[in-house]
Amino acid sequence: MLRHMHRSGVQPFRQRLLPWVQSIAVPRSNRVQPSAIRHVRSWSNIPFITVPLSRAHGKPFAHRSELKHAKRIVVKLGSAVVTRGDECGLALGRLASIVEQVSVLQNQGREMMLVTSGAVAFGKQRLRHEILLSQSVRQALHSGQNHLKEMAIPVLEARACAAAGQSGLMALYEAMFTQYSICAAQILVTNLDFHDEQKRRNLNGTLHELLRMNIVPIVNTNDAVVPPAEPNSDLQGVNVISVKDNDSLAARLAVEMKTDLLIVLSDVEGLFDSPPGSDDAKLIDIFYPGDQQSVTFGTKSRVGLGGMEAKVKAALWALQGGTSVVIANGTHPKVSGHVITDIVEGKKVGTFFSEVKPAGPTVEQQGEMARSGGRMLATLEPEQRAEIINHLADLLTDQREEILLANKKDLEEAEGRLASPLLKRLSLSTSKLNSLAIGLRQIAASSQESVGRVLRRTRIAKNLELEQVTVPIGVLLVIFESRPDCLPQVAALAIASGNGLLLKGGKEAAHSNRILHLLTQEALSIHGVKEAIQLVNTREEVEDLCRLDKIIDLIIPRGSSQLVRDIQKAAKGIPVMGHSEGICHMYVDSEASVDKVTRLVRDSKCEYPAACNALETLLIHRDLLRTPLFDQIIDMLRVEQVKIHAGPKFASYLTFSPSEVKSLRTEYGDLEVCIEVVDSVQEAIDHIHKYGSSHTDVIVTENEKTAEFFLQHVDSACVFWNASTRFSDGYRFGLGAEVGISTSRIHARGPVGLEGLLTTKWLLRGQDHVVSDFSEHGSLKYLHENLPVPQRNFS
């Protein structure tokens, strides 16, 4: 059966049909209006473009990243996705979202097909309505709504519901697709349509013609007349899957139409290694057919004919036929709004079926290895952790040539693709490696008093003593851009603090990161904790990593302000330590020393302009304008080829001035600086609080009282007097190295070294103590005596 909705006459037809559909199928409070289905260009975050799609159907895709090349896609909507929780009526919000995503992909030039359930649920609601209308007023009042539901549902035969619901279901799909100027066509099939050669050819030809005409076929089993399912059999020497449910229908259709991708939406996140909900159930990211023995299936979903086992069998059959398959959740409110488009973009959603066995451990497995290795690190003696770090420092100098050779490859590949500041961060040198080695040895020396240090001791009562001790945070995820020197720094801090570590570097530093990680694991191997630090594959998307809240305890981003903001937005369940911007200020007071100012400005701005602690805004007291000191500052900046941007007040003082700055809240990261004029130290502080990023701010003055006022009132992580902003650094602070700079208000702030990667736990030692002993009539009293903290001997 083929029902084609033509473009001509759609609007009058929809106006006649939609009120009928709503009145029969949808309660008044839940009715969908055409205006409520927003246009794709204003609602979706998927680019509205035509993507280059030239894939010829053959082998299925090997990796998720290749799914963006899929041209022909089948989306199967399970009963649990389409229907409401009461199994009587449709989930209109989810359907509208699915239709929009399918429309987005269709308008990108892809060929979309839907295999949908929902006719039975739609018909069940309509027939309930008919039963209600056929009752007398006395019967209706007597039965009540709840009694009607109990009475009507058992006697409604599924085939009758399907017959009553098909037309309404298609009318609803038509109304939704019309909002995106897309036509849809309904095709009802049975198993016989695939077994009869002539019918197969007719079906195939019809579908191809619809796709050629840019029409979305909506396919469903003809449940009103469907015969009992037949066993899988051979058809002309080819193993075929019998159409038992919409899972098998979708698989059969995908292979028959040589589809690139089959997306199966259900009410679970994907395929688990054991029934979802069980304590040890883990979502399988990539399923390889050879791993079937590792999966235990549970019961089927609350509605529909198939369960997860049926979906997997259908998926494997489609995969064998050359179609890639993803099983995902189409009901979860946090992900269902973009689940289809996210899958096509290659994001880590659901379970991806691949004929290529995953190489190496998954990121989840790497996280577990890092946690286990971190716990082993924490149990090592302080001297052993220090020995690992010192060995890594030696390797950095001993293997200098290999490291620089790998870094040279990265620089050559990045030439012309990366901006100058990023290339500077990417570059390694002999001096950088020597500085790294020195910093690592400082960390090794300080690590001996990190893990297990007693911070507080309290005698709660007689023979009941409490201790607060330092412990590792757990598993850290450090994401860094273009800075391979970050890897050994962070690794050393993780080793010293006993934390497991996942490292995610940018692909621009892949060669450098690989060799540095190998050297790190070589150092860890001397005490058998090689797995504590893992380098995450560059294929892993940062957004996907930020969802691993059961594995990762803290995320530390090292990179651009945009990277930090993106991670803070994505990591809703995991704390993020870092700063999104490094807008550092220097205020030159009216009593500043002429000899000091130019040195401080030059060092803060020109020594390393790409650093997050480089000067970005120079605030100058009004009294210094048109003075020799001001002229010296301007001349020095010109000699250093620093581009000057004028703030609004500064521009007003000049007849001919640099272009006025577009924003006073700008991190340039290059040889550019904003100059603004202020009337007082208080105005400078107010400016910093309004436009700064709470990173590092400096005052240059010879007036101690003014300086102390500035130091006490500026609310930034680092506040300096007569010192360069570039001192805001873990190595220069004597921390050995830093894992990053934090501008947050809790836990660590400023340059974060070893102490920032530790938390605490409480140890209580008693002798059969119970709370009732301390009641009004109990035998014990609280003492709460402070006890001396033992000093550990590290000599």
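Including glycine, each Cβ sits where the backbone N, Cα and C put it.
According to Swiss-Prot, of the residues Lys300, Lys347, Lys432, Lys462, Lys347 is the one noted as N6-succinyllysine. Swiss-Prot marks one residue of Lys76, Lys311, Lys572, Lys649 as N6-succinyllysine, namely Lys311. Swiss-Prot gives the label N6-succinyllysine to one of Lys258, Lys550, Lys596, namely Lys550. Neighbours of Lys347 (N6-succinyllysine), defined as other CB atoms within 10 A of its CB across all chains, total 18. Here the recorded positions are Lys311, Lys550, and the one whose Cβ sees the fewest other Cβ atoms within 10 Å is Lys550.
Closest to Lys347 (N6-succinyllysine) by Cα-Cα distance, out of the binding-site residues Ser117, Ser266, Lys311, is Ser266. Around the Cβ of Ser117 (substrate binding site), the number of neighbouring Cβ atoms within 10 Å comes to 27.
Spatially, by CA atoms, the recorded positions Glu309, Lys311, Lys550 include one closest to Ser117 (substrate binding site), and that is Lys311.
Taken together, the residues in the region 'Gamma-glutamyl phosphate reductase' (362-795) have a mean pLDDT of 91 on the 0 to 100 scale. Here Lys550 (N6-succinyllysine) is compared against the binding-site residues Asn246, Ser266, Glu309, Lys311, and the shortest C-alpha distance is to Ser266.
Note: the Cα of Lys311 (ATP binding site) and the Cα of Asn246 (substrate binding site) are spaced 9 Å from each other.
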